[in-house]
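As given in TrEMBL:
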DOMAIN    A:3-141  domain 'Glyceraldehyde 3-phosphate dehydrogenase NAD(P) binding'
BINDING   A:THR12, A:ILE13, A:GLY111, A:ARG169, A:GLN302  NAD(+) binding site
BINDING   A:SER140, A:CYS141, A:ASN142, A:HIS195, A:GLY196  D-glyceraldehyde 3-phosphate binding site
ACT_SITE  A:CYS141  active site, nucleophile
2 protein chains.
Amino acid sequence: MKAKVAINGYGTIGKRVADAVAAQDDMEITGVVKTRPSFEARIAQEKGYDLYTTARENIEQFKKSDIKVSGTLDDLLDKADIVIDATPGDIGAEYKELYNKHGIKAIWQGGEEHELAGFSFNSEANYKEAIGRDFARVVSCNTTGLVRVLYALDTAYGIRKARVTLMRRAADPNDIKTGPINALVPDPIKLPSHHGPDVNSILPHVDVTTMAVKTSTTLMHLHALNIELKDTPGEDAIINLFKERPRIRLVSSSDRIKSTAEAMEFAKDMGRPRGDVWENVVWKDSISISKGELYFFQAIHQEADVVPENVDAIRAMLELERDGARSIAKTNKILGI
Amino acid sequence: MKAKVAINGYGTIGKRVADAVAAQDDMEITGVVKTRPSFEARIAQEKGYDLYTTARENIEQFKKSDIKVSGTLDDLLDKADIVIDATPGDIGAEYKELYNKHGIKAIWQGGEEHELAGFSFNSEANYKEAIGRDFARVVSCNTTGLVRVLYALDTAYGIRKARVTLMRRAADPNDIKTGPINALVPDPIKLPSHHGPDVNSILPHVDVTTMAVKTSTTLMHLHALNIELKDTPGEDAIINLFKERPRIRLVSSSDRIKSTAEAMEFAKDMGRPRGDVWENVVWKDSISISKGELYFFQAIHQEADVVPENVDAIRAMLELERDGARSIAKTNKILGI
């Protein structure tokens with residue numbers, strides 16, 4: 001019997017996780033929760049997902065829009081084994097009591113604090129610790145992207161110190177309200193940024209400091225990484241290390257992938273759903289050892305990289321698979337990573 | 001008698017240097033060189049600058065546009081003591097032989113190689129070495145911005161290692177041909193970038209590595225700096241150090257300057273010509289000592305920060321003033337820095 005998964009919040013992350021879960025052979029979507037009718041709700045219906053809404057008084061609105069609603073979040077939580085909370089940042093915390101009341105396991109996203117779940121998750125770094133847990137938080141897109149490379153490097157060579165500048169996309173492609181259109185915004189101004197401590201929620205012993213800037217783009221975050229390793233290998237060794245990781249994709253400027261825009265176009269041409277890039281995109285030709293320190297660039301698709309992590313977290317928490325590497329391989333194979 | 005300055009190339013930098021030179025009491029504009037008639041040539045004429053053109057065959061075009069031309073570059077070079085070469089990058093090198101032939105001193109911009117002039121200039125770091133020289137290169141906007149802070153920090157505390165990520169504006173505000181509109185472009189992909197070695201053309205002993213990314217904005221470059229100092233002072237000491245420097249302006253997010261856009265608006269409100277920011281804009285509230293290392297953000301107005309350096313370079317090379325600090329103070333006072 002397949003594990004029953006509820007999705008609370010069917011936006012940028014929720015709809016992607018829903019499709020990734022539905023594609024697996026050991027889990028299924030019991031229902032998705034949307035506050036208001038929208039094109040996304042309509043497409044969810046066309047895909048065959050049962051739609052639920054947050055409160056009974058919203059049902060009328062869905063009826064008017066000719067979208068069938070099967071009930072409320074409360075109804076859904078009684079039918080599922082686990083809920084993916086993909087509600088907007090800081091809203092998810094408000095649902096903890098409700099999830100507790102229904103005795104349902106829950107996975108929050110990186111917009112919530114570590115303390116809410118008491119456990120932060122990354123498939124490669126700490127799958128084992130997630131087994132059987134009731135609550136987990138899949139860390140943010142940026143943190144997921146950082147943990148993937150830092151975990152690999154720390155395991156192989158030991159990290160003495162990592163210094164990262166995060167150039168963040170300002171808005172998602174469908175967001176028409178957010179700026180800046182033409183500016184660079186140090187955010188936060190106060191340094192170092194919170195991204196380093198967030199990495200430490202998964203890799204507590206890694207010394208990492210971060211600076212972050214919002215940039216006028218909607219396509220991917222870009223990380224400029226400087227890392228002092230305890231053992232310094234050659235550039236080829238780093239390339240081979242990354243090649244072997246399940247969720248790092250090496251690209252090259254000689255292949256004409258020279259920017260976040262071309263990396264996204266590449267994913268579209270590969271036929272990826274919604275043009276998603278689930279892996280870290282690491283520029284192979286940026287990998288450089290200079291004066292004993294490692295430098296490279298990576299791009300992170302903010303809408304997508306946490307999606308396979310959510311699938312693995314479900315598998316660990318519901319004990320569908322006790323081996324992290326096997327869950328990752330299974331998720332990757334089905335998604336086509 | 002005022003020193004006679006020729007400007008070869010009346011574009012983004014040339015027109016700004018012309019105005020800054022014209023404002024000084026010890027130098028004057030003998031003429032400016034423009035290849036083709038344009039609104040900029042017309043405004044130069046209105047300002048009273050004598051216009052010259054690169055070749056005799058261009059004169060007809062100017063006549064047709066009702067713009068008076070006084071002759072060619074060759075004619076102008078015979079009348080001036082020094083020429084500011086503000087021609088497009090790599091073009092300036094082609095003029096070296098001509099300048100030599102006319103026995104005129106020349107100042108190139110950062111688009112040219114250090115080797116062309118054999119000497120790279122920054123007002124604060126090496127004014128003394130410029131005295132009496134025939135050739136100099138005022139380093140690029142990014143390098144000028146880096147040298148200003150690194151020189152100050154190295155002199156006061158000693159720099160063990162500086163690691164800088166440069167988020168570059170992709171195009172100038174009047175540039176309608178250049179992208180990207182919506183992407184982040186690591187440039188160069190190969191790390192570290194050439195900006196570090198360019199700093200070393202002025203500060204050879206400072207260990208500095210740089211990574212650079214083009215961003216979808218026209219307003220200022222933004223630098224994220226991480227610096228290991230030999231002696232690590234408190235944050236207040238760094239703030240005071242920067243406060244005392246002649247070309248660093250401290251701003252604060254509590255003053256509602258949170259981005260490059262607001263920093264530029266601030267300059268407009270101050271009544272600066274063309275809204276120019278000649279100083280490094282350093283965010284006071286970003287200055288942070290974390291785990292013994294210094295972090296801060298600074299913004300650099302790519303069209304403007306080298307302008308006062310050109311004025312000082314003229315003064316040093318023509319021996320109008322032998323004391324760098326006095327030249328800087330004079331330039332600043334007249335410009336209103």
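Placed from the backbone N, Cα and C atoms, the Cβ positions cover glycine too.
A map of TrEMBL features onto the structure.
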residue: A:THR12; record: NAD(+) binding site; CB count, 10 Å: 19
residue: A:ILE13; record: NAD(+) binding site; CB count, 10 Å: 26
residue: A:GLY111; record: NAD(+) binding site; CB count, 10 Å: 17
residue: A:SER140; record: D-glyceraldehyde 3-phosphate binding site; CB count, 10 Å: 23
residue: A:CYS141; record: D-glyceraldehyde 3-phosphate binding site; CB count, 10 Å: 24
residue: A:ASN142; record: D-glyceraldehyde 3-phosphate binding site; CB count, 10 Å: 24
residue: A:ARG169; record: NAD(+) binding site; CB count, 10 Å: 27
residue: A:HIS195; record: D-glyceraldehyde 3-phosphate binding site; CB count, 10 Å: 24
residue: A:GLY196; record: D-glyceraldehyde 3-phosphate binding site; CB count, 10 Å: 21
residue: A:GLN302; record: NAD(+) binding site; CB count, 10 Å: 24
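When the C-alpha distances from A:GLY111 (NAD(+) binding site) to the binding-site residues A:SER140, A:CYS141, A:HIS195 are tabulated, the minimum falls on A:SER140.
Taking only the Cα positions, the spacing between A:ARG169 (NAD(+) binding site) and A:ASN142 (D-glyceraldehyde 3-phosphate binding site) is 11 angstrom. Other than the site residues A:SER140, A:CYS141, A:ASN142, A:HIS195, A:GLY196, same-chain residues with C-beta atoms no more than 8 angstroms from the centre of those residues' C-beta atoms, the D-glyceraldehyde 3-phosphate site, are A:GLY110, A:VAL139, A:THR143, A:THR144, A:GLY145, A:LEU146, A:LEU166, A:HIS194, A:ASP198, A:VAL199, A:THR210, A:ALA212. Cβ proximity to the NAD(+) site centre (mean Cβ of A:THR12, A:ILE13, A:GLY111, A:ARG169, A:GLN302, cutoff 8 Å) flags the following additional same-chain residues: A:SER140, A:CYS141, A:ASP172, A:GLU303.
Secondary structure from DSSP puts A:GLY196 (D-glyceraldehyde 3-phosphate binding site) in a helix.
For the domain 'Glyceraldehyde 3-phosphate dehydrogenase NAD(P) binding' (A:3-141), the number of residues in each DSSP class (helix H, G, I; strand E, B; coil) is 59 helix, 32 strand, 48 coil. Distance from the CA of A:ASN142 (D-glyceraldehyde 3-phosphate binding site) to the CA of A:ILE13 (NAD(+) binding site) is 14 Å.
Among the residues the record lists as binding NAD(+), namely A:THR12, A:ILE13, A:GLY111, A:ARG169, A:GLN302, the two farthest apart have Cα atoms separated by 16 Å. Mean model confidence for the domain 'Glyceraldehyde 3-phosphate dehydrogenase NAD(P) binding' (A:3-141) is a pLDDT of 96. DSSP assigns A:ARG169 (NAD(+) binding site) to a strand. Counted over all residue pairs in A:SER140, A:CYS141, A:ASN142, A:HIS195, A:GLY196, the record's binders of D-glyceraldehyde 3-phosphate, the longest Cα to Cα distance measures 13 angstrom. Here the Cα atom of A:SER140 (D-glyceraldehyde 3-phosphate binding site) is found 13 Å from that of A:THR12 (NAD(+) binding site).
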